[in-house]
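To start, the structure itself, in C-alpha cells.
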Amino acid sequence: MPLGERHGGDKSESRYCGIETEFDDDMPNLLSYNVHGGFDFILATLMDPNYRPSLLDNDTSRSRALPFAGSDLVLSPSQWSSHVVGKISSWIDLDSEDETLREDSEITLKQEIAWASHLSLQACLLPTPKGSSCANYARCLNQIFQNLGGMQLWLRIPLVKSEDDTEAKNPDCMGEGKVDSWELWNSFRLLCEHHSQLSVALDLLSSLPSASSVARWFGEPIRAAIINTNSFLTNAKGYPCLSKRHQRLATAFFDHSVQIVISGRSVHKVPVGTSESHVDNQIEGWRHPLKSYLDYVAFLYQKMDPLPEQERFELGYRDYLQSPLQPLMDNLEAQTYEIFEKDTCKYSQYQRAVAKALVDRVPDEDASRVTTVLMVVGAGRGPLVRASLQAAEETDRKLKIYAVEKNPNAVVTLHSLIKLEGWEGIVTIVSSDMRSWDAPEKADILVSELLGSFGDNELSPECLDGAQRFLKEDGISIPSSYTSFVQPVTACKLYNDIKSHKDLVHFETAYVVKLHRVARLAHTQPVFTFTHPDHSPTASNQRYKKLQFDIPEDTGAALIHGFAGYFDATLYKDVHLGIEPSTCTPNMFSWFPIFFPLRTPVCVQPGSPLEVHFWRCCGSTKVWYEWCVTSPSASPLHNTNGRSYWVGL
C-alpha cells in the first residue's frame, strides 16, 4: 500500500516502501505475508545461500536444477515485475584472493542475474564490494550489461564517511582501506563507464556523515535507501522513530524518487493492537512485526508539505535537457509566448521597476503635463506594454509607448490588443528589428526582456547595444545590469543523457534544464556582468573569467559533471529579478538554470581547489561560450570557435 499522496495524481516512486527478506523457497507465501503486512515490494534473495558451484560435480550440475526460490510459475509476471526486487547472494566476492571463491562468485552472479532477467524483474540488489579492489566485480558486470535488457542493478553502498581518516574501518561494512564509501562507489562507476543501468542503494546507518558529505549523493543515481531497524530510536510512547537528521534525509529522498526499504528484525516492543498510523493493516488481529517501522516512514511521507502549483507544473521538466532559444534567428511560437506571459511574478517586478523610474523621471508637480517616452524593445505579445501602462496608472504619470517587435506573427497580436484594450493614441507598434529601426524620437526609458538563463546567452547585450542609440543621454534602461553565475555540480543523470548521443556536439552544448537530481558542491560565483546603457567608446561584449572553487573539506571527494549557470538582474535601483539560488525571485518560472557539461568528469579531492575558465566570444554572425577546467586536472577546451554550440546574430 503506498505511503500516501502528496498531491492529486502523485506518481512518485518514493510512495512505495519495501522490506528486505531472508531466503525462502516459498516465494508466494513470502510475498503475500509482506504485502498483506503493508509493504509494496520485497527485496528477496533469489538463490539458496548454501549453493556453491564448486561443490557440485559435473554430472550433478548438468542434471540438477539450480536452487532458486521457486520457479517462475509460482508468481504471475506482474507480481514478479511489480513486487519483487532480486537480491544477489551476499556471500559473493568477485575480488577474493581465494580462487575458488572468486570463480564461484562469478558463476553465481551471472546465473542469478540471468534468472532475474528471465523473471522480468525491474531491479536487482548487488552486494557491497568486499575489499579495497573491485576491478573483477566491475569487469563481470560490464559483461552482464552488454546483454542485460532493461533491468536496473542497484549496488549496495553504506552511507559512511569517517571524519577522521585514522578511525577504524569495518571490513564487513565496506571495502577495507576506504573511509569514504562515496569513493568506493566512484571507483566502481568509473570502471563501469557511468553505465546508465548501474545505480545505488544506500545503507543508512545509525550515524550519518556531515551534511555536506551527504548532499553530494543527490547528484548520484540513488534508487533506494535501506534503513535497518537498529538505526531507529524510540520515542516517549515506545514507538520507533528516526533522529532529526535521518528524518530530513528521508524527506529529501522522498523528493528525489528514492524508495525506502526497511531491513532487519523488530527491536521495538510496540503495545499489541496499537498503532500511530491513520491506516493500520490488521487482518484478524495479525500485525506484521515491522509494521510500526512502516507506519513511521508513512508518517514522514504524509507530513511533507504538498508540492506547490509551480513545482507540480515543473515536474515534467526536471532534469530534462532543452536547447536554449535562438531568439534572433527564430520567431517564437504562440504557445511559447503564452507560457512566459503566465509568469505574473516577473511582470509585477517589471511594473515596480517602471513605476520607480517614472517617479524619478517626472516629479509630482510635472506629472500632468510631461509625457514620458517609453520604448519596449522585443515587445512580443504585449506583457511589458501592459505592465508599463499599469505602472503609469499607478503613479499617475503620462506615457507614450513604442512597442518594437521583429516577429510579424506577434505584431498581429499587438495590433488586435490595441483595439481590444483601447490603447490607441498611447501605443505605437513598430514591426522591425530593434537593431535596424530608425526611431522618430529618443526614449526616456528603454524596457526589454531579452535575458536568458545565463543572463547574456540570448544576446541581450548585442540587442541593447543596437537599441541604445535611441535612448536619451540621461535615459534609463530596464534592466540596468545583469550578472551571470556558475557553480560546480554532480549531475550523473544529465551526464548520462548527454553521453547517450555518442558525439562531441552534445558535450559542447549549454542546456537549459530544471535541475533536480544534482549536488551543488560550492557556492555560486559571478562570471560576466553587463550594464546598460554602456556609452564607453571601447565597449566590447567579449568576456573572460577565471574562477576558483573551494569545495568544503568535510564534503569529501566529489565528481564534477559540469557547471550550473544562473543570472541576477537589476531592473532599476533596488528592484531585481533572477534565478541565482541565494537571491532568486520567488514563484518565477520563466527561466530554468543553464548547464555547461564536461566531456570527462573531473574528480576533486578534499582541500584541492577547482579552477575553471569561461569565455564569451563574439563573431560577425554568432556569439558563443568556451569553457575548460585547469585544476585539479586539465580538461579539453570545450566548444572551440563555437564549433558545436552558438547563438546566431
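Note that Cβ sites are derived from N, Cα and C of the backbone, with glycine treated the same way.
Predicted, not measured: the structure shown is a model, and the values here were computed from it.
According to TrEMBL, the active site, proton donor/acceptor annotation covers Glu449 (among others). Within the same chain, residues at least 6 positions away in sequence whose Cβ sits under 8 Å from that of Glu449 (active site, proton donor/acceptor) are Lys346, Tyr350, Gly378, Gly380, Leu384.
Among the features that TrEMBL reports, active site, proton donor/acceptor is placed at Glu458 (among others).
Per TrEMBL, the feature S-adenosyl-L-methionine binding site maps to Tyr337, Lys346, Tyr347, Glu405, Asp433, Met434. Here Glu405 (S-adenosyl-L-methionine binding site) comes close to Gly378, Ala379, Gly380, Val411, Leu414, Ile429, Val430, Ser431, Ser432: these same-chain residues lie at least six apart in sequence, with C-beta atoms under 8 angstroms from its C-beta.
Feature annotation from TrEMBL assigns domain 'PRMT5 TIM barrel' to 38-303.
Here the domain 'PRMT5 arginine-N-methyltransferase' (309-478) has a mean pLDDT of 93 out of 100. Feature annotation from TrEMBL assigns domain 'PRMT5 arginine-N-methyltransferase' to 309-478.
Taken from TrEMBL, the feature domain 'PRMT5 oligomerisation' applies to 481-647.
Note: Phe340 (site 'Critical for specifying symmetric addition of methyl groups') has non-local neighbours Gly380, Pro383, Ser590, i.e. same-chain residues 6+ apart with C-beta under 8 A of its own C-beta. Sequence annotations record features per position, and here TrEMBL assigns site 'Critical for specifying symmetric addition of methyl groups' to Phe340.
There are 24 other Cβ atoms within 10 Å of the Cβ belonging to Met434 (S-adenosyl-L-methionine binding site). Around Glu458 (active site, proton donor/acceptor), taking its Cβ as the centre, 22 other Cβ atoms fall within 10 Å, counting all chains. Distance noted between the C-alpha atoms of Tyr337 (S-adenosyl-L-methionine binding site) and Glu458 (active site, proton donor/acceptor) is 16 Å. Counting only same-chain residues at least 6 apart in sequence, those with a Cβ under 8 Å from the Cβ of Tyr347 (S-adenosyl-L-methionine binding site) are Pro383, Leu384, Arg386, Ala387.
Around Tyr337 (S-adenosyl-L-methionine binding site), a 10 Å sphere centred on its CB holds 18 further CB atoms from the protein chains shown.
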